């Protein structure tokens, strides 16, 4: 297990067993945690951090790798989304699985996975509340229900005269991870269904942050038809692994960065996992994302499945199967 992963797994659980508060989603347990802090921080892990703890919190920053100075890089994901792009072998899977690994070990969030190949996120299937495979109809059904849930949460917040959820609310955040946007939005099914998928996804990214819906979306086809500007600019975090040209890099990071000297096209093919990370209103930063091999993913998944075994009786389990 890598030092960064050990630092992550060593986090403490933040759960309120009293279940105080009401939820617009149903009988979900209240969750506590820690929010705030810098948008991007680099700290040295505690020397005892390799010892696994019980659980993490989605309100804690997520370890993703190291910067060019060798310092750990953590991203706060609550109230934010991340777009991950790059050609095959560029580190896209490493970052995607790193965020999902943190989420599955966080007892104060629910996990919804979309994976057209079924094997990229397949090891987390037993930990997920919903797993969507290569079926566009199922993907649309899940997104529609997430949209309804999002609207209900906003109705609840309006009644409470508030603008967003907090760690001590009865709302549990949802991590929605999608491997290969293009599969659902440009490859399978009817054109009208693909367009609906893109529209629903854009709505979740645009409005979901304040009610705790965290979208983690990845693609190995960073083109304007897959990631239009209107969608890209909604992501607070954007990561560009190695790209084939400056245009593809700009599609992920934002227009004009290649002309300023920031292009993922310059990353060497012999440096897998290296990429440019940018925050909204920020500048790109070179990072090297952590890599979890299959055995490590399996170990974390078994641990997380045990932690989540008692949380399988919540309404989200029916998202993918309801008519």
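Just so you know, glycine gets a Cβ as well, placed from its N, Cα and C.
Among the residue ranges 1-28, 29-56, the one that TrEMBL annotates as region 'Disordered' is 1-28.
The sparsest Cβ neighbourhood within 10 Å, among the listed binding-site residues (86, 89, 91), is found at 89. The average pLDDT computed for the domain 'FtsK' (70-250) is 94. For residue 88 (ATP binding site), the count of additional Cβ atoms within 10 Å of its Cβ stands at 10 [all protein chains shown]. Taking the centre of the Cβ atoms of 86, 87, 88, 89, 90, 91, 92, 93 as the ATP site, the nearby residues of that chain (Cβ within 8 Å, site residues left out) are 220, 241, 242, 272. The 10 Å shell around the Cβ of residue 92 (ATP binding site) contains 27 further Cβ atoms across the protein chains shown.
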